[in-house]
Amino acid sequence: MAKFEEKKQLRCSFCGKSQDEVRRLVAGPGVYICDECIELCSEIISEDFEEEEYNEFDDRLPTPKEIKEFLDQYVVGQDHAKKILSVAVYNHYKRIYYHNTKKDDVELQKSNILMLGPTGSGKTYLAQTLAKMLNVPFAIADATTLTEAGYVGEDVENILLRLIQNADYDIERAERGIIYIDEIDKIARKSDNPSITRDVSGEGVQQALLKILEGTIASVPPQGGRKHPHQEFIQIDTTNILFICGGAFEGIEKIIEKRIGEKTLGFNAKIESKKEKKIGDILRQIMPQDLLKFGMIPEFIGRVPIIVTLDALDKEALIKILTEPKNALVKQYQKLFAMDGVELEFEKDALEAIADKAIERNTGARGLRAIMEEIMLDVMFEIPSNDKIEKVIITKAAVLKEDKPIVIINENKKAQKRPKLKQRLQERRGNVS
């Protein structure tokens, strides 16, 4: 009896759980660790390895080829865009290094980037991946929320505040960051004709962005919002901040076609797939005058000299996005299911049906997760309550909602340990560290 009591008192030295509360307790010299804490330690170490992978180039500037190779691991297709971005980013950070280490009469000017491409073609994701690779602060802004100073809406300086916050208020680090301004096409000038009503969310915003795009010492309100005369400001130099502006620029292909003299597609012609395939080739022939005609002001166009065009994603590209990148959606869901001890499989025609749905909705890669969530909802609801589920197969019928996913039951399957509450995990993370 005494031995039984002594055995029962064995506890994990990290989380304090007794031997009866865990599946396995591993003994060391004077200490014990349970299987749950081992699993948590493994997660923390793997997270550190991921950070090291991103920080691989901290001590040196990667070459354009290395940048593209890194992008290839996460972004499917868009080779032309990735090549231009790789060279542009390399030259930008080379310019910063050159400026900081050598004094010369030749001043290298900053070259910001303008990305054009259909919705869901990967504009935002490309910018995010670049920032992760280079380990620099990154912020996303929505151009549609911006207005001229003095009007209801956000001042352009609030974009800089987000970057400062993401750099943990390290101004020197923020000054080498990347800002992605989305929906930039939505601030195009509304009309070529002068108007008595001021265009505060269109041309006015373009004018307001000019200084920070070119490089200036900006005064940023630390709490955001509008500037007040008696408040203190954060001073930040935007000279070395790389601005990437992105937008769908719907309709600009017609302006390009008109300029190059090509015939536009017939009014009633139902050949959208051909048009989608062609749009990337048309966009590659873009010239500054096309942007001017679209409604961007000359001064703004001059401050984003590097133009990157992205292709519309076809069915094959969407299937690759689902399965091939390091963080592909299929891999993410398979990992989620594996945490519950369940194997997840997608049939080939199911993946094709998911891609077809994304094309039908005209959402590109951005809409893939929403489609996946719709398909997986019922299964993900049931799995945690049924320890006998061993495998789930997603079929084309399940994607089209004609049938449910195939669920394979194993009566002999051992019960899966359920994850603990977030608070408990955080406490244990603190103990481990």
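A Cβ is built for glycine as well, from the same backbone N, Cα and C atoms used for every other residue.
Residues or ranges marked as Zn(2+) binding site in Swiss-Prot: Cys12, Cys15, Cys34, Cys37. Taken residue by residue with DSSP, Cys15 (Zn(2+) binding site) is part of neither helix nor strand, so it is coil.
DSSP assigns Pro118 (ATP binding site) to coil, not to a helix or a strand. Around Pro118 (ATP binding site), a 10 Å sphere centred on its CB holds 21 further CB atoms from the protein chains shown. The ATP binding site annotation in Swiss-Prot covers Pro118, Thr119, Gly120, Ser121, Gly122, Lys123, Thr124, Tyr125.
Annotation source Swiss-Prot lists domain 'ClpX-type ZB' at 1-53, citing sequence analysis.
In the three-state DSSP assignment, the secondary structure recorded for Cys37 (Zn(2+) binding site) is helix. Compute the center of the Cβ atoms of Pro118, Thr119, Gly120, Ser121, Gly122, Lys123, Thr124, Tyr125, which mark the site for ATP; besides them, the chain residues with Cβ within 8 Å of that center are Gly117, Gly246, Leu310, Gly364, Ala365, Arg366. On a Cα basis, Cys34 (Zn(2+) binding site) lies 39 Å away from Tyr125 (ATP binding site). Across the structure, Pro118 (ATP binding site) and Cys37 (Zn(2+) binding site) are spaced 46 Å apart at their Cα atoms. For Ser121 (ATP binding site), the spatially nearest entry among the binding-site residues Cys12, Cys15, Cys34, Cys37 is Cys37, judged by CA separation. Distance between Cα atoms for Cys12 (Zn(2+) binding site) and Thr124 (ATP binding site): 45 Å, as a whole number.
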